[in-house]
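In what follows, a structure is listed as structure tokens, so that the remarks can point back to it.
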Amino acid sequence: MSEARRDSTSSLQRKKPPWLKLDIPSAVPPTAEEPSFLQPLRRQAFLRSVSMPAETAHISSPHHELRRSVLQRQTSITQTIRRGTADWFGVSKDSDSTQKWQRKSIRHCSQRYGKLKPQVLRELDLPSQDNVSLTSTETPPPLYVGPCQLGMQKIIDPLARGRAFRVADDTAEGLSAPHTPVTPGAASLCSFSSSRSGFHRLPRRRKRESVAKMSFRAAAALMKGRSVRDGTLRRAQRRSFTPASFLEEDTTDFPDELDTSFFAREGILHEELSTYPDEVFESPSEAALKDWEKAPEQADLTGGALDRSELERSHLMLPLERGWRKQKEGAAAPQPKVRLRQEVVSTAGPRRGQRIAVPVRKLFAREKRPYGLGMVGRLTNRTYRKRIDSFVKRQIEDMDDHRPFFTYWLTFVHSLVTILAVCIYGIAPVGFSQHETVDSVLRNRGVYENVKYVQQENFWIGPSSEALIHLGAKFSPCMRQDPQVHSFIRSAREREKHSACCVRNDRSGCVQTSEEECSSTLAVWVKWPIHPSAPELAGHKRQFGSVCHQDPRVCDEPSSEDPHEWPEDITKWPICTKNSAGNHTNHPHMDCVITGRPCCIGTKGRCEITSREYCDFMRGYFHEEATLCSQVHCMDDVCGLLPFLNPEVPDQFYRLWLSLFLHAGILHCLVSICFQMTVLRDLEKLAGWHRIAIIYLLSGVTGNLASAIFLPYRAEVGPAGSQFGILACLFVELFQSWQILARPWRAFFKLLAVVLFLFTFGLLPWIDNFAHISGFISGLFLSFAFLPYISFGKFDLYRKRCQIIIFQVVFLGLLAGLVVLFYFYPVRCEWCEFLTCIPFTDKFCEKYELDAQLH
């Protein structure tokens, strides 16, 4: 039997042509440490074709090789919390998310802060941000493979032209790539590892018909009097073969099932290879092989594209002996033929789900943001430095972009709130000075007077300052009991305590005034206890009063009965909702027609007893139910929103973050949207919505708190502090990527120029520089604490942990100090206004109707 086999083998060897030589690698027995299906990975030369781009071969373990994992003890809650916290802050030792973050940071740095160092670019091998050029649709150039690498040489497929158009859907990016010629009946390891191999090239399932097409076909069948089912059955009967897509599950899945008949016998191999043109597969002569062995070592040009001149000289893309073209006479002699060692690829079709998944990946494909080279980096022409550590390179490659959900949500809220504010409260006069309105209005004395209303113009095209305060602007008197405002209200109540009802002699009306404002000739000032109508309290006449249209003797609700008698001080009297007597009480202050009631005017809690016409002209809040200013709380009317828990003590501290969602006008909102859709969106794609939201909100709150301390009587709106906190993130990102940037100082000064320009822009009205400064400082602290960054070693990792703790403590100390200054130790700063608004004219910064000096 063995002799017969030897005879057949020798006969096959005699039939083998002299130019054919095959080097079949011998099988290596599997070791005890590694599974057998991983052994082919040791020799990467047999995992791919030379005509294909190099890819990392990855073969999944077959199902029958999987073993049940050993039972392990479940991690404790403390360890889970500790690991999750380390992953969130980016200081975990073995966290995949940390590596992804670091690789993403490098990509962002390359876009935002300029070029990287050349070594960084070489080791990172970042993908190009440009679109696919037209050259990618042409035939890819042949690759050069050194002669000493397992005998693999140049392999040129003259039929490879136009492959980019045929296989562009194999990758998510749609990039073209050369493909190995398909040999039926065999499969290779590369066909399982490469997403660009011919493993995914079976005929696909027929696309399902759309609803519109099926509806149209059903309507046509009904018009013809046929059944839709009959047509479907007739079409199904035409098929006499099984669709190829139904056999996808029967294709080769694992290396154990590879068809090795291709490598079995030399005779069969020669018969199969003889069917291919000689122009494609060529082998060198023995003399040429000996010359190559004696030749000196060549430079490592593996994977490089051949020059056009070399291609023309060697005629690699043209048939050498026969074909559709002939070699030109006088041309250089072709290179000697070399032995071929090429991988054979299976013809298995695409896996299930690729038809839809690939177009979807193309649709949602986005450019990744290199760390430190985002949008601002592209504007400032930043680059990476030439050299970078391989550990840093891996961190950059692992980074993935986040979706900017917070930016989109914030932009939607800003736009919606601005539109509603403008529609409800209208637009104030546009400009940089003050707008004055003069009109003749009926006052509380019963005569018409010329009055003037002064309003600060708003160049942002938006509501007035009073409307913004009512909406939730940053305004200290609404957030705490301001000493000056409280003193102003107390002095007004003290004057009202000694007032009385002034009844005109012609019975035209009465109004609550002081003795100086009541004419002794034309009116009578009904003052208790001098006037005989004074009531008694505890056996003696009351010392303060009277009050127009209010008397404890005739009020039923609330009644003045022992032990709930009304106090001596009229400023503590309640509002009478029901009187027992009619219009005739024989008391002059009760039988007259009242012409003035309390009206809250301005934003400082000022109250006047005046007519409704005058109150409406001054844009005030008229109280028809009250008779004294002490019975109303003007600060509650001015501030709006939720009422105070104690009417005497404002407590709307939530204005610190509520004002971040308000804008002074349409232009102000557009500026914020532009900032958010460029800088904020770019950073959120790098760091994620949770980190950016924390930095954005806390920076804005800190900036508004500092502004409320130094500019307490100015209404400020907008996310000024938050925006400067986000700009601080750019500085932190620049500092963290300082070691990998080619020109870090240049990027630093460019970024500093942008911040100084925005700070100068804050000297205009309605823009708060105190919020800018405080938001920037707090943003620096928060960015150092919450933004993970690229680590350059174990020491740098430990330094990051200390940095997180230190900057969190510093930020909490800053926030606590500002809270103490705001609520317990108010600061009075006279020159602080010049830091946020320079008075170029006498009315350029005229207090916005919010005077720092209350009078």
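Glycine is no exception: its Cβ is also placed from the backbone N, Cα and C atoms.
Annotated in Swiss-Prot:
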- Asn583: N-linked glycosylation site (CARBOHYD)
- Ser76: phosphoserine (MOD_RES)
- Ser176: phosphoserine (MOD_RES)
- Thr180: phosphothreonine (MOD_RES)
- Thr183: phosphothreonine (MOD_RES)
- Ser390: phosphoserine (MOD_RES)
- 1-36: region 'Disordered' (REGION)
- 1-411: topological domain 'Cytoplasmic' (TOPO_DOM)
- 433-655: topological domain 'Lumenal' (TOPO_DOM)
- 677-691: topological domain 'Cytoplasmic' (TOPO_DOM)
- 736-746: topological domain 'Cytoplasmic' (TOPO_DOM)
- 768-772: topological domain 'Lumenal' (TOPO_DOM)
- 794-803: topological domain 'Cytoplasmic' (TOPO_DOM)
- 825-855: topological domain 'Lumenal' (TOPO_DOM)
- 412-432: transmembrane segment (TRANSMEM)
- 656-676: transmembrane segment (TRANSMEM)
- 692-712: transmembrane segment (TRANSMEM)
- 715-735: transmembrane segment (TRANSMEM)
- 747-767: transmembrane segment (TRANSMEM)
- 773-793: transmembrane segment (TRANSMEM)
- 804-824: transmembrane segment (TRANSMEM)
Contact yes or no, the transmembrane segment (656-676) and the transmembrane segment (715-735), 3+ Cβ pairs under 8 Å, gap 6+: yes
Neighbour count (Cβ, 10 Å) for Ser76 (phosphoserine): 9
Spatial neighbours of the transmembrane segment (804-824) far in sequence, C-beta under 8 Å, 6+ residues away: 89, 91, 476, 479-480, 698, 702, 705-706, 708-709, 774, 777-778, 781-782, 784-785
Sequence-remote partners of the topological domain 'Lumenal' (768-772) [C-beta within less than 8 Å, at least six residues beyond its ends]: 474, 700, 703-704, 706-707, 709-711, 714, 716, 718, 720-721, 724, 758-759, 762, 832, 835-836
Conformational class of Ser76 (phosphoserine) under the three-state DSSP mapping: coil
